[in-house]
Structure formats: C-alpha cells, structure tokens
Amino acid sequence: MTFTWPSPAKLNLFLYITGRRADGYHQLQTLFQFLNYGDEITITPRQDNEIRLLTPVEGVEHDNNLIVRAARLLQSYSDKHHAGIAHKGADIHINKRLPMGGGLGGGSSNAATVLIALNYHWQTGFTDETLAALGVSLGADVPIFVKGHAAFAEGIGEILHIAEPEEKWYLVAHPGIEISTLRVFTDPELKRDTPIRPLAALLKAPYLNDCESLVRKRFRKVEQLLSWLLEYAPSRLTGTGACVFGEFESEASARKVLNQAPEWLQGFVARGVNNSPLHNFRSGIPVLLSQ
C-alpha cells in the first residue's frame, strides 16, 4: 500500500544560546512550532531489503541523504529486535518544497517522517519514544518531529517540554542562499551568554533569536530580506537561517504582503500549528493487519 506522508516545516519562535559545553555543543532555549506546510514523501514498501530514493536531492549523495539513512537505521534496529520481519525495503519519492539550509528543519523532518512511515508500513511496532531515540543520531531536531507536538527545548535541544504557543499565520521568506548551521555556531562573534530563564518569563518577553544579528551581518541577502519584511510585521530569523518569518493575525493579511513582495523574494504563507501534520495524517490512516 502506497501513502504520501507530510514532512512539515518548523519555526524557532525564539532561540537563545545560553552557553557552550566543553565538547563544543551549544546549550540553548528555544520554542519549536510546526507549520502546515512542508515536503511530501511517498512510500511504497518492498518485500526485499532495498531502499531506493527515486527522486534524488540535488547536491546530496544517495547514501548520505537523511531519508535513506533513516530508512536503513530503522532496518538495522528492527533486524536486531524483530527477526523475521525486518527484511523489507521501500521505494521513496520526495516532493521537496522546503529550501535546504533554510532553518526550517527540512532534513530532520524528512528523517522523522521516514521513521514514522516505515514503522507503519513495515509493522515494526516501535513507540514514538523509541523512534525519537533512534532519530537523535541523525540530527538534534529529529526527535521534535517524531514526537509531533510544539515544544520548548533546553539543554542542547534534547530536553523537550510540551508547549502551546499561539497558532498564528506566517509569511516565511527565503533569500535564495544556503546557510550552514556549523558555520554560524562556530563563528567567534556568535552571542553565547544569554541568561537561562524559566519558560513563563520567556513567553512574556519579546521573542528574539541570538543568531540573527550575526547572520544579518555575515549575509547581506538575509539583512536585505529581513529589513523588507520588518516594514510589514514583527519578523525574525528561524534557526540559523537563511529563512525569516513575519507574524500575521490572518492568512489574508499575510498573503497581501506576499503578493506585493519584490520579485527576488521566495516565500510562502502557512499557519503555525501545535500538532504536527504528520501525526494528524497518521491518526487518520487505516490500521494494517498483520501479514
């Protein structure tokens, strides 16, 4: 049975860097929310052991793609825990709509969707907690997509607390460049000393992103894009960029601004949602009978 699964984007509604550990990892406080917009991943299970990504992503080798790595990770894990049913493969297509290096979590979301989808198709029966624990080896943001609810994250991003931010409309804009998270986090000028605060205090304060001033300084196109969007709405960087987003009270007001955007701007309008579209989709598909 073939299904097309959503692979939603995320926003960092705020992002504060509170320190750096001896091992180089950054400690942070951030608020994640999903968007009702993202990539789409179509999966057809195979009865052999082959994983085939039939729509390669430009610039990413097949075996290094997080989609393929997630599928093989689940294969390997199920091999150890479900002898006799793990020898299944998949043909995978992706309709890639999210920009790479945009701060929208596209690669992590793809990995999480594959873990959840193949857990369903292969009937491996793992819990979301198990899948999230597997996913963290693929990327720090994978667990938030697996668990499927807006969350406040602490530590290096691994400590998650369910959150219920307001579900606003957003205009998300991309400047047409890719920004490496590693490049931003290793920059000596990155702000790393924001005081740790309780969530209640953070929710009452203006939402900010500690990476924003540095990224605006290093990338002229981000500076240009954010300056334009700030003329219309409260706006900021998501993650380490390159995407920025503006907050709107309605879809119509967001689309009105998008319709008058300069030609060089790439953007879309989406609503922030606290329940992941991936989990909403999963709850609506039929339960497979054991084979």
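Cβ from N, Cα, C; glycine included.
Within the same chain, residues at least six positions away from Lys10 (active site) with a Cβ under 8 Å of its Cβ are Phe32, Gln33, Phe34, Leu35, Leu104, Gly105, Ser109, Asp141, Ile144, Phe145, Thr238. Sequence annotations record features per position, and here Swiss-Prot assigns active site to Lys10 (among others).
What Swiss-Prot lists as active site is Asp141 (among others), and the listing cites sequence analysis. Reduced to three states, the DSSP call for Asp141 (active site) is coil.
In this structure, Gly105 (ATP binding site) belongs to neither helix nor strand by DSSP; it is coil. Sequence annotations record features per position, and here Swiss-Prot assigns ATP binding site to Pro99, Met100, Gly101, Gly102, Gly103, Leu104, Gly105, Gly106, Gly107, Ser108, Ser109 based on sequence analysis.
For Gly107 (ATP binding site), the same-chain residues that are 6 or more apart in sequence and have a Cβ closer than 8 Å to its Cβ are Leu66, Met100, Gly139. When Cβ atoms from all protein chains are considered, those within 10 Å of Gly101 (ATP binding site) total 19, not counting its own. Summary of the ATP site environment: with the site residues Pro99, Met100, Gly101, Gly102, Gly103, Leu104, Gly105, Gly106, Gly107, Ser108, Ser109 set aside, the chain residues having Cβ atoms within 8 Å of the Cβ mean position are Ala9, Leu98, Gly239. Shown are the binding-site residues Pro99, Gly103; the one with the most C-beta atoms within 10 angstroms of its own C-beta is Gly103.
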